[in-house]
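Engineer: Starting off with a structure, shown below.
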Amino acid sequence: LKFIFGPSAVPALDLVDQRSVTRVVAPSGRIAYQVLGSSGKLYTCYSSCHFCTCPAFGFTVLQKSESLLCKHILAVYLSQAMGACQELTVSEEQLTSILLAEEEDEG
């Protein structure tokens, strides 16, 4: 994993070990993932479009194209593969609030 994903591999595995990945599901079937980062901040990830709200994703992946993903996205993929995601079912309104809260944090 470290050969393919570089420095994100070990921290991502740590997040999986700590069960930091939560799959958030709404009745409509919309899914987002929340990852509790090592800094204690909660990041929202979308595996369907390969996106994370963390600063490292914006800088390292989007701006500089130095990496394929951040440790949070990798932790989501590893958790999915290992069946290690926590599961949280929320209403459509709650999911919207989660998504809008991230947008406000960025703005």
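Cβ coordinates come from backbone N, Cα and C, glycine included.
Quick caveat, the model's predicted, so the values are computed rather than measured.
The domain 'SWIM-type' annotation in TrEMBL covers 43-81.
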Engineer: Please work out the mean pLDDT for the residues of the domain 'SWIM-type' (43-81).
Structural biologist: 92
Engineer: Where DSSP helix means H, G or I and strand means E or B, what are the helix, strand and coil counts for the domain 'SWIM-type' (43-81)?
Structural biologist: 20 helix, 6 strand, 13 coil
